[in-house]
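Trainee: Found this in TrEMBL, in case it helps:
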DOMAIN    201-351  domain 'Peptidase S54 rhomboid'
REGION    19-43  region 'Disordered'
TRANSMEM  206-231  transmembrane segment
TRANSMEM  243-260  transmembrane segment
TRANSMEM  266-285  transmembrane segment
TRANSMEM  297-319  transmembrane segment
TRANSMEM  331-350  transmembrane segment
TRANSMEM  362-388  transmembrane segment
Amino acid sequence: MGEHPSPGPAVAACAEAERIEELEPEAEERPPPAPEDFDPGNTGYISTGKFRSLLESHSSKLDPHKREVLLALADSQANGQICYQDFVNLMSNKRSNSFRQAILQGNRRLCSKALLEEKGLNLSQRLIRHVAYETLPREIDRKWYYDSYTCCPPPWFMITVTLLEVAFFLYNGVSLDQFVLQVTHPRYLKNSLVYHPQLRAQAWRYLTYIFMHAGIEHLGLNVVLQLLVGVPLEMVHGATRIGLVYVAGVVAGSLAVSVADMTAPVVGSSGGVYALVSAHLANIVMNWSGMKCQFKLLRMAVALICMSMEFGRAVWLRFHPSAYPPCPHPSFVAHLGGVAVGITLGVVVLRNYEQRLQDQSLWWIFVAMYTVFVLFAVFWNIFAYTLLDLKLPPPP
């Protein structure tokens with residue numbers, strides 16, 4: 001029988017990637033053996049010379065962005081060898097911390113043409129490029145995202161949460177016959193989704209309060225920020241990570257109220273919204289020189305003004321004479337809980353695009369801090385209200 005032609009690098013890598021996904025975690029740390037054509041000694045490494053020749057012979061089959069990253073990888077190897085695992089990671093749209101370091105060391109060639117200079121892009125390609133420049137501070141990450149994003153799945157989490165919030169608001173508006181300052185209606189707090197201090201044993205209220213808003217002025221600003229900031233972040237970082245930050249901000253917000261403003265109810269999604277926006281703004285500030293979004297100073301100022309207006313509205317409402325005394329209007333402390341989550345857990349998530357969070361020591365530090373806060377708040381809700389002999393407003 002005649003010899004079969006050797007497979008192209010993309011085909012071989014994808015086949016190898018499927019096998020690697022089934023390995024145990026400890027086995028993933030060792031580089032897999034490369035095919036014999038690439039690595040006769042079965043060492044798991046490919047010489048840069050052979051690697052370059054493979055790229056040249058198959059360059060027409062590779063995406064230009066991936067070819068540039070592969071060349072940058074070859075440029076960065078002083079020892080003349082490339083780990084085959086790194087090659088597989090790239091071709092199967094996966095990366096590791098060691099791979100990023102190798103790429104960053106050799107990114108001089110990669111950055112010879114910025115993604116912003118690409119011409120002839122259609123509308124969807126320009127949108128993806130715009131999102132990349134809005135959220136990612138490194139050119140290599142922007143090129144990687146532009147190359148690998150497929151819109152499958154779409155940013156469903158933020159869109160679904162927003163639609164649910166709007167639907168619940170419209171339902172309450174019709175049932176209460178009031179859309180502006182709904183929170184002043186005498187029957188507003190009777191809804192089973194609102195967090196109320198007398199009903200704090202009903203654990204779902206610490207989360208479901210996001211579907212109740214004080215009025216159309218409250219809902220409108222939260223929805224705008226969720227869509228303008230949350231959707232692009234989800235397109236880049238995925239529903240799991242952005243959903244984690246959002247939900248962590250929501251829970252931290254209601255728990256913060258139960259500790260710091262013990263007699264007040266909570267409504268609105270501001271805890272989750274402020275977590276995302278605070279993380280995004282902090283990421284821009286920390287990577288100021290790398291962020292290439294247009295008018296970033298002006299846009300940061302606009303975002304801060306919007307957040308300040310919403311926070312000011314919440315503070316004013318909290319101390320405004322209540323429509324259902326002796327229970328006060330909803331608290332503003334949830335906003336601060338969201339900000340705290342955003343500048344801790346949120347920043348770590350946004351700064352580690354495509355990297356495993358479990359490999360980041362800072363991630364575990366902030367997770368431990370968040371866990372300690374949650375446990376403290378739980379015990380506080382169980383014991384502090386009785387020990388302090390606090391007089392709570394009657395249940396709605």
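Placement of Cβ uses the backbone N, Cα and C atoms for every residue, glycine included.
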Trainee: Between the transmembrane segment (266-285) and the stretches 206-231, 243-260, 331-350, 362-388, work out which stretch tops the count of Cβ pairs under 8 Å.
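Mentor: Maximum Cβ contact count belongs to 331-350.
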Trainee: Ranking 206-231, 243-260, 297-319, 362-388 by the number of C-beta pairs under 8 Å to the transmembrane segment (331-350), which range is first?
Mentor: 243-260
Trainee: Please work out which recorded stretch in 243-260, 297-319, 362-388 has the most C-beta pairs separated by under 8 angstroms from the transmembrane segment (206-231)?
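Mentor: Most contacts with the transmembrane segment (206-231): 297-319.
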